[in-house]
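Engineer: Pasting a structure below so you can have a look.
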Amino acid sequence: MIEADRLIAASGRDREEVQDRAIRPLSLDEYIGQPVVREQMALFIQAARGRGESLDHTLIFGPPGLGKTTLANIIAHEMGVSVKSTSGPILERPGDLAAMLTNLEPHDVLFIDEIHRLSPVVEEVLYPAMEDFQLDIMIGEGPAARSIKLDLPPFTLVGATTRAGMLTNPLRDRFGIVQRLEFYNDKDLSTIVSRSANILGLAIEDQGAYEIARRARGTPRIANRLLRRVRDYAEVRGKGQITKAVADMALNLLDVDERGFDHSDRRLLLTMIEKFDGGPVGVDNLAAAISEERHTIEDVLEPYLIQQGYIMRTPRGRVVTRHAYLHFGLNIPGRLGEGGDFSEPGDE
């Protein structure tokens, strides 16, 4: 199974990039959710513009699909400058980075997605560019090689990553602003769904938007993807209007349940419960039982289930929690305890 094949995958798809561009917010006023990040960035941007300076280099990290690219574009828009975009894997040689840096105008934004994947040799070139706005490049080869310095216009590097822990300390320390994006709550996601529907010219009720939002795993990219699929259902079977009932029927047809789980999530949980008595079970045994690769379980399936409190990692292996039994309407084993709060995660 490939992550991008799943309807609820947080990673982006090439065609979606074009579709999402039409519904992306362009300013902080349009930006929904992440209140702390929004307030801080508004303050930093206003201060930088007031001084006539470029914004400090900014690192944005968090799970995929939460709007890191969107925020980078908003920063450029609010600063009134252009944004040049690239990604870590694309910048293979120092010359690739040098070409982008030398084409920047004063105060422009250079956005590097997946910045944790920069090669060490490219990263070394980036250090003086970030710190001193200078580019050190080598001319010639062998004994005749010499280093020259090129002055760069002041610019803002905005780096985005899903794995902040993989950044080297020297690179991380050169960012003056560091922002973490959190998963969205259902209310903010519902507002995002309603806004996207309005831009796309769709008729949607508030309850319909909320039904989509609560199954979107706290991720705007997934919410917008589900909205497009529910739109298809509404146009064919729902008279074009997205109500709560239409959204519920569409998402059930798409095999996305009320917790945002799909078939793969449920199969993993049920396998642990039915074949391994809830665990502990080693990841290799689990991979063999559900015919998946080990890395698929570790990188694709597990993270959301752990974050939502349905699976725990222990020294002896993976264990399901009482919430997994409750989700499927199963009796909770006595070893998990009879007392305490048996509500599912997220319930009040």
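Cβ atoms here come from the backbone N, Cα and C positions, even for glycine.
If you look up Swiss-Prot, you'll see 4-184 marked as region 'Large ATPase domain (RuvB-L)', on the strength of sequence analysis. Under the heading ATP binding site, Swiss-Prot lists ILE23, ARG24, GLY65, LYS68, THR69, THR70, GLU131, ASP132, PHE133, ARG174, TYR184, ARG221, citing sequence analysis as support. The annotation Mg(2+) binding site is assigned in Swiss-Prot to THR69. Swiss-Prot lists 185-255 with the feature region 'Small ATPAse domain (RuvB-S)', giving sequence analysis as the kind of evidence. Residues or ranges marked as region 'Head domain (RuvB-H)' in Swiss-Prot: 258-348. According to Swiss-Prot, the DNA binding site annotation covers ARG294, ARG313, ARG318.
Just tell me what is around each of these and how deep it sits.
Structural biologist: Here the region 'Large ATPase domain (RuvB-L)' (4-184) has a mean pLDDT of 87 out of 100.
Secondary structure from DSSP puts TYR184 (ATP binding site) in coil. In sequence order, GLY33, GLN34, LEU66, ILE192, GLY218, THR219, PRO220 make up the list of same-chain residues 6 or more apart from TYR184 (ATP binding site) whose Cβ falls under 8 Å from its Cβ.
DSSP assigns THR69 (ATP binding site) to a helical segment in the three-state reduction.
Counting every protein chain shown, the Cβ of ARG313 (DNA binding site) has 13 other Cβ atoms within 10 Å.
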Engineer: Per DSSP, how many helix, strand and coil residues does the region 'Head domain (RuvB-H)' (258-348) have?
Structural biologist: 45 helix, 9 strand, 37 coil
Engineer: Using CB atoms and a 10 A radius, I'd like the single residue among the binding-site residues ARG294, ARG318 with the highest neighbour count.
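Structural biologist: That would be ARG318, with the most Cβ atoms nearby.
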Engineer: Can you tell me the CA-to-CA distance separating ARG313 (DNA binding site) and GLY65 (ATP binding site), as a whole number of Å?
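Structural biologist: A Cα-Cα distance of 24 Å.
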Engineer: Relative to the mean position of the Cβ atoms of ARG294, ARG313, ARG318, the recorded DNA site, which additional same-chain residues have Cβ within 8 Å?
Structural biologist: GLY282, VAL283, LEU286, ILE297, GLU298, GLU302, GLY317
Engineer: Can you give me the Cα-Cα distance between ARG294 (DNA binding site) and ILE23 (ATP binding site) in Å, rounded to a whole number?
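Structural biologist: Approximately 36 Å lies between the Cα of ARG294 (DNA binding site) and that of ILE23 (ATP binding site).
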